[in-house]
Each structure stands twice: as C-alpha cells, then as structure tokens.
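Asks: Take a look at this one; I'll ask things after.
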Amino acid sequence: MIVEALNNPFDAEFNKVSSDKSISHRCAIFSLLSDKVSKISNYLEAEDTMNSLKIIEKLGAKVEFKNGVYLITPPKKIVSPNAILECGNSGTAMRIFMGLLAGCDGFFVLSGDKYLNERPMKRVASPLMQIGAKIDGRDCANKAPLAIRGGELNYFAYNSSVASAQVKTALILAGLCSAGCKFKEPELSRDHSERMLLGMGAQISQSGLEIEVKPLKGAYLKPLILDVPNDPSSCFFYAVAAAIIPGSKIIIKNILLNKTRIEAYKVLEKMGAKITYTKTSSTYEDIGDICVQYSELKSVDVNQNISWLIDEAPALAIAFACANGVSTLKNAKELRVKECDRIAITVAALKKCGIEAVELEDGFSIKGGKPNSATIDSHGDHRIAMSFAILGLKCGMNIEKSEFIATSFPKFSYFLRELGARVED
C-alpha cells in the first residue's frame, strides 16, 4: 500500500465505518448458548469474523443472511465436526472457542494462519487443563493447532496473572458450560462478554475484580438481538489522523462508548486533541458519537489501564511521533505477543521514518519530530500497517504486506480516500 501525504485538512463525518470486531466475534460464539434464533445486523464482514461464522456452522449452527441481518439458528447440541476449525488470524476467536469447547462433549481441532499458530495459547490452555480440560498441541498446548477433547469440567476459582478479556471470556464460558467458576484479574479488562451474557440472562455477578459465574446446567440463554456499533479500535486510526493533520476534524457516529474501549481516545485528549463524546443509545452497551479536532499535541506518559488500549498502541505511537516532547508507554508487555512483536516492529518502523524511538521491556519511548516518508514492513500485522498508513497522511508512506488489513478492516483504504488521501493498494 502506498499512501501519499495530504495536501489539505479534512472535515469528515463517518456513519458506518467498521463494525466492532470484539462484539461481532462474541455474537457468533454466544449465539450457540441459546435455543432460539439470534439476529445480528451490521455484523463485521472481515476475514476473521467471517471465520467465526464458518466455525459455528461446523459446530451445527445454521447461518443465513437476509435483508442485511445475520440469522443464527443454534444446534440443540454442539456437534463434533469432521473438519478443522480455522480461526484465520484471530487470537480472540481461538481463545474464546477454547473456553467454550473445553466444556462441551466432542473432539475439536482449532488452527489458524502461520502467524496465529505461533502465538501463545497457554494462558488459556493452562487454567482450562487445571480444571480437567483435555487440550493438546505444539509446545505442550501453547501453540496451535490445538486438539480439544471436550467434557464436564470441575468448578474452579482462578486468579489470572494478566488482565485479558480473551482469557476472562474463555474461562467464563468454561464455567457456564460446566460447573461454574470464580475468576479474578489484576485489573479490569474489557467487559463486553459480561455485558452481553448478562443481557442474555446468564447468572454472572461481579465484586471488584472478581466475577462469579453460575452454570447453565443444561438451560439456554436468550438469543442476541443486536445492531453491532462501530469499532472504536478501528475508528481510532481516523481519530489520530484528525489529531495530527492541522485544521482537521472528524465525527464518527454510532460508535461504541464502553469506557474499557475508549481509553486511547482519553489519552489523545490528554495530549491536547479536542474530543467530545455524545451518548445516543444504550442496550447492551453505551453507543454514541465521537468528534475529534486537531490541536497541537503535547507529550504524555501512559502506564495505567493498558488492557483498555492495547490494540490501539501502534496508532498511539503515531500520535506520540507527531507530538512535542517525549512520550512513553509502559506496562504493555502484552504487545510482544500480538500478531508480531509490536514494540520492536513499531520502534524499528518509526526509526526508518526519522523519529527517535526506544524499545522498553514493556513498551516504548518516542520523541516527537518531523517524520520522513519510508518503506515499512508491517510483518503481516494489520494494526501496524494501518497505523503507518495514517502517518503516511502526513509524510507519505509505502507499507509492505498491507493485505493483512483485510483480516479486520476491509474498507480501511476506502475511508482513507474519503479523507482526501491518494492510496494505491
């Protein structure tokens, strides 16, 4: 992908941008817990989320698309498929399906692309195995392909060492489908699963950082009836664009306003960007509009609520690179085990653009400056590719392996062009 620098500021308003990826995955997976048809509109039609629909079909669900709505009819009982369950590039799908299938009768094999199959899965596999799950795979069940022999699991209480919505969701599902559980995390991670499952009728209670889950015991949850809002993580790229291109402004409508999903916007606000939030509705989640206007950015130190902005870290690095002073991100070691080592790759790419950047063990330090045009290897990481495309609006950029953007945001280039950018895919 080649992105040319913008010659003029932009003033844009986006309505349907990119449906929320986290919620779309969960809509597909959680629909299996009901005995009635779930109706999902505005489902994200990206490679990863469409793979989740294909997986639930292999598990016995019927998926239809009618008049812009996905109708998901769950099976009476999850079936043991005769094919591998392909998760593509999605760690979210693989980890959540692990939790669900560990407590279901049957034999299941989860696999992904060459990047996903090198990512660590032990953080989910280990606690599941401690409560009786039968999981095997490469590197002692740390790497996919993973074979799961599902069955009844024991009640468990688990203290997680990481704040991860994926780990939490996997263990909540394992508890729901077996004997129940208690789960505690070191800090609050994104909470879509609890909100959605509570809305479906699950018995989940929370006290501080601890969640208690009552088992379904053969009962079913209510179906999901949901219009998936815009994804704040995907939309954040355009928020950064507005914040770094002088005179620019963007309004993003129908966007998820969950506090665990807009932390990166709060950081951008602390840096000086003018941002307003307007809530327009609330069903499972608060939904509304976000307006971002350019203002000269100042440096910031970020070391709290990291799990709330972990996906936006590469895009935040672009804002850091365009700010006055030295900005730091810490307590983000999780970035080392994403689609690539996002700390090392982000720092190396910024250096190629003439920006002073330093790797920290758990983050990075970036001195803002005037970036240069460069050729960047995204290492097959969709968020690295999109982040440096945004920097390209300021100085021009050539991004290699940009085809992986389609795993999460197929229309990314379309909306860049809507800002006035010249883009060659």
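Every residue number used here counts from 1 along the chain in the order it is shown.
Each residue, glycine too, has its Cβ placed from N, Cα and C.
So Swiss-Prot says this about it:
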- Lys21, Ser22, Arg26, Ser164, Gln166, Asp311, Lys338: 3-phosphoshikimate binding site (BINDING)
- Lys21, Gly91, Arg119, Gln166, Arg342, Arg383: phosphoenolpyruvate binding site (BINDING)
- Asp311: active site, proton acceptor (ACT_SITE)
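Are these features on the surface or tucked inside, and what touches them?
Replies: Long-range Cβ proximity for Lys338 (3-phosphoshikimate binding site), meaning a same-chain Cβ under 8 A and a gap of 6 or more residues, is found for Gly91, Arg119, Ile310, Asp381, Arg383.
Residue environment of Gly91 (phosphoenolpyruvate binding site) contains 22 other Cβ atoms, counted within 10 Å of its Cβ in all protein chains. The secondary structure of Gly91 (phosphoenolpyruvate binding site), as reduced to three states from DSSP, is helical.
Under 8 Å, Cβ to Cβ, and six or more positions away along its own chain, Asp311 (3-phosphoshikimate binding site) finds Ser233, Arg383. In this structure, Asp311 (3-phosphoshikimate binding site) is part of a helix by DSSP.
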Asks: Measuring Cα to Cα, how many Å separate Gln166 (3-phosphoshikimate binding site) from Arg342 (phosphoenolpyruvate binding site)?
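Replies: It is 18 Å, counting Cα to Cα.
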Asks: Roughly how many Å separate the Cα of Arg26 (3-phosphoshikimate binding site) from that of Arg342 (phosphoenolpyruvate binding site), to the nearest whole number?
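Replies: Roughly 25 Å, rounded to the nearest whole number.
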Asks: Can you tell me how far the Cα of Ser164 (3-phosphoshikimate binding site) sits from the Cα of Arg342 (phosphoenolpyruvate binding site), in Å?
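Replies: The separation of the Cα atoms works out to 17 Å.
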Asks: Within 10 Å of each Cβ, count the other Cβ atoms, then let me know which of the binding-site residues Lys21, Arg119, Arg342 comes out lowest.
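Replies: Lowest Cβ count within 10 Å among the binding-site residues (Lys21, Arg119, Arg342) is Arg119.
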Asks: Given the phosphoenolpyruvate binding site residues Lys21, Gly91, Arg119, Gln166, Arg342, Arg383 in the record, what is the largest Cα to Cα distance, rounded to whole Å?
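Replies: Between the outermost Cα atoms of Lys21, Gly91, Arg119, Gln166, Arg342, Arg383, the distance is 19 Å.
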